[in-house]
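A.B. asks: Structure provided below as structure tokens; questions to follow.
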Amino acid sequence: MIELNANQIAEATGGRLTATVDPNSVVTSANTDSREMNPGALFIARRGQTTDGHNFITAARQAGATLILAERETQDGLGAIDPAVIVEDSTQAMGHLARYIVDKIREHSETTVIAITGSVGKTSTKDALAAMLATQGPTTAPQGSYNGEVGVPLTIFTAALDTRYLVVEMGADRIGNITELTDIVRPDISVVLTVGTAHAASFGSVDNIAQTKGEIVEALPAGGIAVLNADDIRVAEMAERVPDQASTLWFSAAYAPPQRERLVYAADAATTKNENPHFTLQYFGSDADEADRTGYDVTAQLIGEHHTTNLLAAATAAFAADIPLDTIASLIPTITATSAHRMARTDRPDGITILDDAYNANPESMRAGLKTLAMLGRNTGRRTWAVLGPMLELGDAHAKEHILLGEVVVRLNIDQLVVVGSTARALYTGAVNEGSWGDEVDYVLSNDEALELLAQHVEPGDIIFVKGSNGTRLWELADQLTTAQLVAHKEKRK
Ligand SMILES: Nc1ncnc2c1ncn2[C@@H]1O[C@H](COP(=O)(O)OP(=O)(O)OP(=O)(O)O)[C@@H](O)[C@H]1O
Ligand SMILES: [Mg+2]
């Protein structure tokens, strides 16, 4: 984090300093987790859903925190008031502090801020974009999937003063959420991937989701650039919400004769035998030079056709940030999945392949992952297993979406389905009813049962795909599967 003194933090947050604050004290990092403190840290005490950070102030100070951001005065073990900046709402104060830091970073040197939203693919796109930008200048991007009122400020707290590119992921679960985040970072480039059904329950309708995601382009300043997915009608409609002084760059993963000006697209998009996307990266527009118009052939390392969209989004955002298209094309093959559990492929020595996509799940990402699994099976003649947990947060659509997904598994000709957890039971029902399946589908209640079942039945050559909502911890099963004894275990049982 940039170095800040106590007065600056009070100024940024509109807070008041306790009498015990040493006016010369400076902080060089900030976090809400008392286990992540180091000397010179600012500990932010916030009330979370399950715990109250104010209970950890002593621990944070013992771990080196020099200053606290809190909603009330607290005392240390000796009865002395902890040195703190007192604010009304710590979470909001984090946003204000982050905004202040973004200002300082911008004042120091040229900085381009790129914000990414969408119902699916944000983290994948953010990781790809950050990897590209990091070759061009100091880049700050979120850890994992940090994308909310806490994650966005925490990302900014990690930024250095000389940050050239700041990449921010933005998630939302209600109208106004994205505006709260754009108020903090004020993006120069805003990327919208898709409008899907993620968090449909809290939004009430898909229209509300589109309304909220579009807030990201409304926030653009004069000269700002909206990067919009031409293949998603609800995203394309957001072009009308781009302020007059800003402009739009389009991307499309579908090959069609380009229909729009200023379009970065994938011509001849396909996948290799290992389901790595390959395509010709092209730019169509009256300002396009000949080489960009003809394009550059690329093959990515990421797995799954759906990454074509994410790579194009990242490429277009980098292009909007003035990186030449040929440079971008040369970087695409170097990009790997940096955040965990996103189509992570492990080829075990016994010939079994684990595809761990267990970071999270919703109907769109489930279909994308299952399609990739089906294609891999078809390309290689190997047997495919889908080990699926529930998709959470679907509200009233829960049963219907699970039944539909069960049908999809059958229609994709996945060889074996293992449904994990009672919340996912409708998935089992959907598959059974669609396919008159018998042995091809199993229903188990826990990760342990799933592991046991797989250990008994998998064989060398099988591909096991694991996916479910984050809250169900299916990634623990995926982790176990990468190392557990599977085939040998089975032989022992005979
Ligand atoms: N364009 C896409 N279409 C369909 N599925 C995708 C796409 N991109 C990624 N996925 C899949 O969706 C899941 C989530 O991907 P990712 O983490 O990139 O999305 P996200 O938008 O950041 O999600 P979250 O809102 O949970 O942070 C992964 O399983 C990934 O394989
Ligand atoms: Mg994410």
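Yeah, the Cβs are placed from backbone N, Cα and C, and that goes for glycine too.
In case it's useful when we look at the structure, here is the feature table from TrEMBL:
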type: DOMAIN; residues: 31-99; note: domain 'Mur ligase N-terminal catalytic'
type: DOMAIN; residues: 116-318; note: domain 'Mur ligase central'
type: BINDING; residues: G118, S119, V120, G121, K122, T123, S124; note: ATP binding site
type: DOMAIN; residues: 341-469; note: domain 'Mur ligase C-terminal'
A.B. asks: Please state whether DSSP places S124 (ATP binding site) in a helix, a strand or coil.
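C.D. replies: DSSP call for S124 (ATP binding site): helix.
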A.B. asks: For the recorded ATP site formed by G118, S119, V120, G121, K122, T123, S124, name the remaining residues of the chain with Cβ within 8 Å of the site's Cβ center, in chain order.
C.D. replies: I116, T125, L193, T194, N310
A.B. asks: Sort the residues of the domain 'Mur ligase C-terminal' (341-469) into helix, strand and coil with DSSP and give the three counts.
C.D. replies: 60 helix, 27 strand, 42 coil
A.B. asks: May I ask which of the binding-site residues V120, G121, K122, T123 have a CB within less than 6 Å of any atom of ligand 2, listed in sequence order?
C.D. replies: K122, T123
A.B. asks: For the domain 'Mur ligase C-terminal' (341-469), what is the mean per-residue pLDDT, to the nearest integer?
C.D. replies: 94
A.B. asks: By the DSSP assignment reduced to helix, strand and coil, which category contains G118 (ATP binding site)?
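C.D. replies: Looking at the DSSP assignment, G118 (ATP binding site) belongs to neither helix nor strand, so coil.
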A.B. asks: What counts of helix, strand and coil residues does DSSP assign across the domain 'Mur ligase N-terminal catalytic' (31-99)?
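C.D. replies: Final tally across the stretch: 23 helix, 18 strand, 28 coil.
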A.B. asks: Counting only residues 6+ apart in the same chain, whose Cβ is under 8 Å from the Cβ of S124 (ATP binding site)?
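C.D. replies: Long-range Cβ contacts: L302, H307, N310, A337, S339, R342.
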A.B. asks: Which one, from the binding-site residues S119, T123, has the smallest tally of other C-beta atoms lying within 10 Å of its C-beta?
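C.D. replies: Output over binding-site residues S119, T123: least Cβ neighbours within 10 Å is T123.
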